[in-house]
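Taking it in order: structure first as C-alpha cells, then the write-up.
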Amino acid sequence: MDFLEAEGGWNLSFSGSGYMGLYHVGVTQCLRQRAPRLIQGARRFYGSSSGALNAMAIVFGKSADFACSNLLDLVKLVERLSLGIFHPAYGPAEHIRKKLYENLPDNCHILASQRLGISMTRWPDGKNFIVTDFATRDEFIQALICTLYLPLYCGVIPPAFRGQRFIDGALSNNLPFSDCPTTITVSPFNGTVDICPQNISHSLFELTAFNASFQISTRNFFRGLKSVFPPKPEVVADHCRQGYLDALRFLERRGLTKEPVLWSLVSKEPPALVEGPRGTGHDQGQKTGPTVRWDIPNVLVKDVPNFELLSPELEAALRKACKRDFWTRVQCSVPGKVLAYLLLPCTLPFEYAYFRSRRLMEWLPEAPDDLDWMRSILKSTTLEVYSMAKSWLLRLGSPPGTRADSGLLRQQRGTAPSGNRPLNHRWFPGMD
C-alpha cells in the first residue's frame with residue numbers, strides 16, 4: 001500500500017449504518033490491535049450517521065467498552081419497549097444527545113477540529129456538507145445530532161446548525177471521500193468497500209446511491225432492516241465480531257500483519273503464497289497496493305469457537321454490554337411480553353401522554369426558532385405553488401400562436417428560464 005508509507009497520508013471513512021454501527025467498533029478494535037499504525041497515523045476520520053460516532057470515539061481515544069455499552073444500551077431499551085421503535089418512549093436523538101453531554105470532555109470541539117469530518121445533508125435542497133471545524137462544545141454535539149437525524153424516524157423538525165437545518169448525512173454522502181485513492185472505507189454492507197462483509201454468493205447487480213455502492217442481495221436487505229429495526233443485543237454483538245474478522249481479512253490480504261490468523265481458524269497451515277493484481281470482484285475500487293493475497297479465507301463468526309482468543313478486550317466489552325438486569329430479563333421473557341401486550345390498552349394512553357408532554361416541555365426553548373423556520377418553509381412553498389399555478393393557467397388560457405411567439409421572442413433575445421440558471425452555494429468554513 002503505497003500511500004501508507006507517508007505519515008498522515010491516508011484517511012478512514014465510516015459509512016452510516018444505524019444499529020449496525022457496532023460493526024465499525026469491531027473493525028476499529030482489530031486495527032488498534034493488529035495494525036495500530038493505521039489508526040495513529042491517519043490524517044482524518046470521516047463518518048456519516050452512526051459512522052460519525054465511531055470516528056468520534058477514535059479521535060477521543062475511547063475504548064471498545066465505551067462504544068459497545070452506549071450502543072447496546074439503546075438496543076436493550078428498544079428490546080424492553082412493548083412496541084419497539086414505535087413506542088412513544090423511543091427517542092434515539094434525545095438518548096444520544098444525553099449520552100454525549102455526559103461523556104464528552106469540555107474541549108471536545110478542539111480535539112475534533114481538523115481531525116474529524118462529519119457528513120450532513122442540508123434540508124430541504126439535499127446538498128451535502130462535511131464539517132471539520134467546530135467552534136464550541138455545543139456546536140460539535142449539535143453536528144453529531146444532525147448527521148444522525150433520520151426524518152420521521154427521529155422526529156419531524158430537522159435540527160439547526162449554524163442557522164440552517166440539517167438531517168442524516170447518509171442521505172447525501174454515506175461514505176465521505178470514498179473515491180479518494182488514499183481513503184480506507186468501512187461499511188457493514190457488502191459492496192465496493194475496503195472493509196465490509198463478503199457474501200458467500202456473489203451478486204451480479206449493484207446499486208449505487210448516496211455516494212456508496214451496495215450489492216443487491218438478500219443479506220444486504222436484511223442488514224438494512226437491522227439498521228433501523230434493531231434485533232437482539234446478541235445478534236448486534238455478532239455483527240461487531242464480524243467487523244473484527246473482516247478487518248483482519250483486509251489486513252492479511254494486503255500483508256499488513258505477519259501472523260496468518262484466519263488460516264489458523266480453518267486449517268493448520270496456510271497454502272503457498274498466491275498474489276495477484278487487483279481484481280474486479282468484491283474488492284474492486286479499493287485503494288491499496290499493487291498485489292493482494294486472494295487466498296486469505298473469509299471467516300464468519302460461527303467459524304470461530306472462542307472469539308476471546310482473538311480479542312479478549314472486545315469479547316469482554318460485548319459480554320458486559322449484553323448483560324441484562326433482573327427487571328429487564330423479566331420484561332423480555334415470554335410471560336413478561338404477554339403481560340405487557342395484555343395491559344397495552346390500559347398503559348399506552350398514559351405512556352403516550354407522559355412522554356409527549358415531556359418532549360413538549362423539552363421543545364419549548366427551541367419553539368420560537370422552529371416555528372419561524374416552519375413559517376418560512378410554508379411561505380416559500382405557498383409562493384412556489386402559486387407561481388407554478390399562475391404560469392400554468394396563463395399558458396392554458398393563451399392562444400397557441402401567442403405561446404409560440406413568446407417562445408420565439410425569448411429565444412431571439414438569448415434568455416433562458418430562471419430555473420436553468422446556476423445556483424451559488426455557500427460553504428461553511430473548514431469544509432474540504
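Heads up, the Cβ atoms here are built off N, Cα and C, so glycines get one too.
In the three-state DSSP scheme, ASP168 (active site, proton acceptor) falls into the strand class. Under the heading active site, proton acceptor, Swiss-Prot lists ASP168.
The domain 'PNPLA' annotation in Swiss-Prot covers 12-181.
The region 'Disordered' annotation in Swiss-Prot covers 404-423.
Annotation comment: Swiss-Prot describes 47-51 as motif 'GXSXG'. A Cβ distance under 8 Å defines the sequence-distant neighbours of the motif 'GXSXG' (47-51), meaning residues of its chain 6+ beyond its ends; these are 13-21, 24, 71, 116-120, 147-148, 150, 168-170, 173-176, 186.
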Starting from the Cβ of ASP168 (active site, proton acceptor), draw a 10 Å sphere and report how many other Cβ atoms land inside it. 26
For the motif 'GXSXG' (47-51), the DSSP helix/strand/coil residue counts are 2 helix, 2 strand, 1 coil
